[in-house]
Amino acid sequence: KFIRHKDESFYECGQLIGYQQYCVNACQAHGSKEKGYCKGMAPFGLPGGCYCPKLPSNRVKMCFGALESKCA
């Protein structure tokens, strides 16, 4: 379950110093029950993002489509 961010640098998996900790904090803020981490999606031709295990389903829906900008 990915979370997105309006800041484009959010997608650059592995490019940012402290990115893993950023994902841990971001996933925790979204209500993930487990530690989040950065996950690349290059093989699928997609940008990477923070992968949050066991994210509440209502939060997941909020992070896609028209409400994508609401994710912080």
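Note: Cβ is positioned from N, Cα and C throughout, glycine not excepted.
Annotated in Swiss-Prot:
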DOMAIN    1-72  domain 'LCN-type CS-alpha/beta'
DISULFID  Cys13-Cys38  disulfide bond
DISULFID  Cys23-Cys50  disulfide bond
DISULFID  Cys27-Cys52  disulfide bond
DISULFID  Cys63-Cys71  disulfide bond
The one of Cys27, Cys50 whose CB sees the fewest other CB atoms within 10 Å, among these disulfide-bonded residues: Cys27
Fewest Cβ neighbours within 10 Å, where candidates are the disulfide-bonded residues Cys23, Cys38, Cys52: Cys38
Mean predicted confidence [pLDDT] for the domain 'LCN-type CS-alpha/beta' (1-72): 66
Distance [Cα-Cα, Å, rounded] between Cys23 (disulfide bond) and Cys52 (disulfide bond): 8
Rounded inter-Cα distance in Å - Cys38 (disulfide bond), Cys52 (disulfide bond): 9
Cα separation, Cys27 (disulfide bond) to Cys50 (disulfide bond) (Å, whole number): 7
